[in-house]
Amino acid sequence: MTTPALLPLSGRRLPPLNLGASAFPHHRATLRLSEKFILLLILSAFITLCFGAFFFLPDSSKHKRFDLGLEDVLIPHVDTSKGGKNLGGFLIHGQGHDEHRHREEEERLRNKIRADHEKALEEAKEKLKKSRDEIQAEIQTEKNKVVQELKKKDSKPLPPVPLPNLIGINSGEPADPDIREKRNKIKEMMKHAWDNYRQYGWGHNELKPIARKGHSTNIFGNSQMGATIVDALDTLYIMGLHDEFREGQEWIDKNLDFSVNSEVSVFEVNIRFIGGLLAAYYLSGQEVFKIKAVQLAGKLLPAFNTPTGIPWAMVNLKSGVGRNWGWASAGSSILAEFGTLHMEFVHLSYLTGDPVYYNKVMHIRKLLQKMDRPNGLYPNYLNPRTGRWGQHHTSVGGLGDSFYEYLLKAWLMSDKMDTEARKMYDDAIEAIEKHLIRKSNGGLTFIGEWKNGHLERKMGHLTCFAGGMFALGADGSRDDKAGHYLQLGAEIAHTCHESYDRTTLKLGPEAFKFDGGVEAVAVRQNEKYYILRPEVIETYWYMWRFTHDPKYRQWGWEATQAIDKYCRVSGGFSGVKDVYSSSPTYDDVQQSFFLAETLKYLYLLFSSDDLLPLDNWVFNTEAHPLPVLHLQERRQTLDKTRPLNQASTGVRNEALHI
């Protein structure tokens, strides 16, 4: 039931007035309110004029009496003719032997005020002698000093935390020379993308490779936050491009500033920036990445200030004001956005000992557990004010995808101790398999979308990540169904490969249908584009790791060749607008996720399994690897090295849920 809007005062029921004779006197002894207001305005103008005249008077001896008059206002004067007695009921300076001391104090204060006044006038005269450029330079210098002080304050060292046992952050060199050659080709593509961004878009969020200039979208606000630099760091590191990695680190250290008046996407900034910075920290051990990640996380926390604790989609990094996308179901938050914070926020609590991050994401989980779910499915929209679902639209693609991914990965990242997350994942997957997964007439397994009580037989490129998710979650599934889910992952991988293979460019469209005789093909023109997305290649990599079936490397190499042939331009890599056209036009955007995800997954596909092994690393939804947290070992370490401040350790234990 909706709550009625509050009526304005004029519309409320008021007690009746007594309209007797006394209510309307024939004369009035007081001024009307409007007359009082006019008199007050005149008096205010007169006082302002007096004070303004004082401050703009020239420094002349004939005005010194006026100056002293001001001092007399500030310092009460002793009237010696009356012996400092009580005047008008108020004791001004006391009586008897204290009179001399108070006169000295009065004179000292008078001299100080005069000296400060003269000093201020001299400084003002000196300022006026300088040119406009000199004054602006001085102002900028003072601003820089303030900024540096704030940076020093924000850059205070974080408590030392033992790093998890990091395995497989180097090498991965394949023994097969043919595979090694293909891996080197992917590394060269990464170098081409990075070098052109370095030359034409450095510091901007992304690159326009044809126009050869910087590019940004509204998810990053109006600031230059170097999204490509942060997103690409871990890919550079695992590829052994250490000079490029140091370039990025230097820019981040000197230029990455979150105290900007910019409205950003909480979800995108979390997965790209916090995820990228944390991964760079774990891989390299450089403290600057951890410090920056914690600084940024603090800027995102105000987004959680809603009646339910479900965060806003957008937040202003400076003011902390949040809001939701205007198009999202009557002001709702989006499942894939507020449900894709867990991995990064748990690591933030692990590294800082501050449970606030962990508590924020666990509050979201507890709220979702209490809610009814139609057919066991999670709708894509949830209103952060009311705590109620918006439109009953469920998708494993856009708007929903990474929520399910993070349930599974929360369990994996906890060294399989977070059984609550695993149960939520299993329940969700059973409902998805029952209501959303179907086979086409041609035998292709696809995942549709549930909209207002019926299934739309359309699958998005974003949904193709699910093949890898099913394979990753096969081990540990209910009722010993590991083989079933591995097979389901293989079927999704095959369907998504078909969506690539049935195009002219051998690159997949944004979405494809399974209606009638049309299968795995885009129908609408606005669904035929390819923007360098990684999800299909991501599934190839997971399937390769779990099966070592050579077809996944073959399919990955087909995609590599197609990207290099049709998306490569002299200034980097660009998406294309129609994968069914033999001469497509470019969209002129080199997405940051192309360097973070697409090229990373391709590189890992042609590397040996000892590079970032899945028993030790869990990839966030932007492909940033975060280590598995062996929390039992962590607790034992804390017990052995427990600091004197027991309360501090207790807070960290709470943050780790141990």
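Cβ coordinates are placed from backbone N, Cα and C, and glycine is handled just like the others.
Residue ranges 86-116, 148-178 are listed, and TrEMBL annotates 148-178 among them as region 'Disordered'.
Recorded disulfide link (TrEMBL): CYS496 to CYS464, out of the candidates CYS464, CYS567. Taking Cβ-Cβ distances under 8 Å and a sequence separation of 6 or more, the neighbours of CYS496 (disulfide bond) in its chain are HIS461, CYS464, GLY467, GLY508, GLU535, VAL536, THR539. Cβ neighbour count for CYS464 (disulfide bond): 30 (other Cβ atoms within 10 Å of its Cβ, all protein chains included).
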